[in-house]
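According to Swiss-Prot, the protein has these features:
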DOMAIN    1-158  domain 'Obg'
DOMAIN    159-325  domain 'OBG-type G'
BINDING   165-172, 190-194, 211-214, 278-281, 306-308  GTP binding site
BINDING   172, 192  Mg(2+) binding site
């Protein structure tokens with residue numbers, strides 16, 4: 001399935017049904033009076049946040065959405081049927097903007113609903129205009145037009161941990177080894193072309209991790225593929241920065257990613273960050289110790305290590321402990337995108 005995280009959609013809600021102008025016509029009743037019913041309301045277009053969908057791919061094939069019109073009122077004071085609403089599931093984390101780019105709403109919780117286009121109200125039948133001074137009104141009102149607009153949908157993935165790093169740092173391998181993610185893995189840059197989600201289970205606690213495609217220098221300007229996905233990091237509670245320990249200059253690798261985060265948004269650099277030296281099975285213990293010390297001196301942070309053989313439970317437990325401890329982090333809705 002393609003990963004679509006932006007879409008421009010035309011919405012047209014249903015028109016309200018017209019009111020009816022009619023009079024009661026029955027045998028032996030000379031002046032039956034007005035009996036025109038109201039028109040039905042037009043159908044609305046509603047978005048609902050759901051864990052059953054992970055991308056906006058629906059809108060790739062459905063860029064124009066039109067709801068049903070309301071039915072006109074009938075004689076004998078019968079109301080017209082209302083048009084059926086259209087309810088569309090979108091991923092949790094979907095933001096809705098107007099055509100000018102102003103944020104309208106942010107669907108960031110399960111089953112959160114938003115009426116994106118309101119259906120028109122049904123017209124009023126002539127029976128409703130009957131008064132003591134006007135016993136036989138002939139006028140009625142037409143149904144109102146439904147809302148009609150262009151909107152822009154943008155998806156920002158919600159996860160506990162955002163995995164960042166240069167291309168080929170081993171982010172996908174790490175995600176696959178500790179979660180049920182089926183991400184593609186290969187020994188060349190930009191293997192991951194779209195964000196991948198995985199769920200790890202530690203001591204009956206769920207941890208959602210997002211593998212953000214590799215960033216390179218200039219990503220915030222559009223170089224590589226990272227600029228498209230930097231926005232997804234904004235929704236991650238904490239960051240796990242994975243660095244390939246076989247690189248000659250690991251400090252430069254670290255600084256490169258931090259610079260791109262800073263140039264995109266200062267808020268990203270203020271997120272809690274954990275650093276993981278990866279592929280440690282490719283170096284001897286002395287080399288690893290030297291690189292850990294250099295990185296720790298530069299970042300003033302504890303450096304964790306990982307390899308193919310080493311269990312990931314330790315670092316995952318630390319991540320969960322931090323999320324549970326820090327009350328300032330709002331833990332997002334947890335779901336398993338591979339078990340729906």
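Every residue number used here counts from 1 along the chain in the order it is shown.
Cβ atoms are placed via backbone N, Cα and C, with glycine included.
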Requested in this report: Measuring Cα to Cα, tell me the gap between residue 213 (GTP binding site) and residue 172 (Mg(2+) binding site) in whole angstrom.
Outcome: 9
Requested in this report: If we count other C-beta atoms within 10 Å, could you say which of the binding-site residues 168, 306 has the fewest?
Outcome: 168
Requested in this report: Over the domain 'Obg' (1-158), work out the mean pLDDT and round it to an integer.
Outcome: 92
Query raised in the report: What does DSSP say about residue 165 (GTP binding site): helix, strand or coil?
Result: coil
Query raised in the report: How would DSSP class residue 306 (GTP binding site) in three states?
Result: coil
Requested in this report: Between residue 165 (GTP binding site) and residue 172 (Mg(2+) binding site), find the distance joining the two CA atoms and give it rounded to the nearest Å.
Outcome: 11
Requested in this report: Enter the number of other CB atoms within 10 angstroms of the CB of residue 213 (GTP binding site).
Outcome: 25
Report task. Quick one: among the binding-site residues 171, 279, which has the most Cβ atoms sitting within 10 Å of its own Cβ? Result -> 171
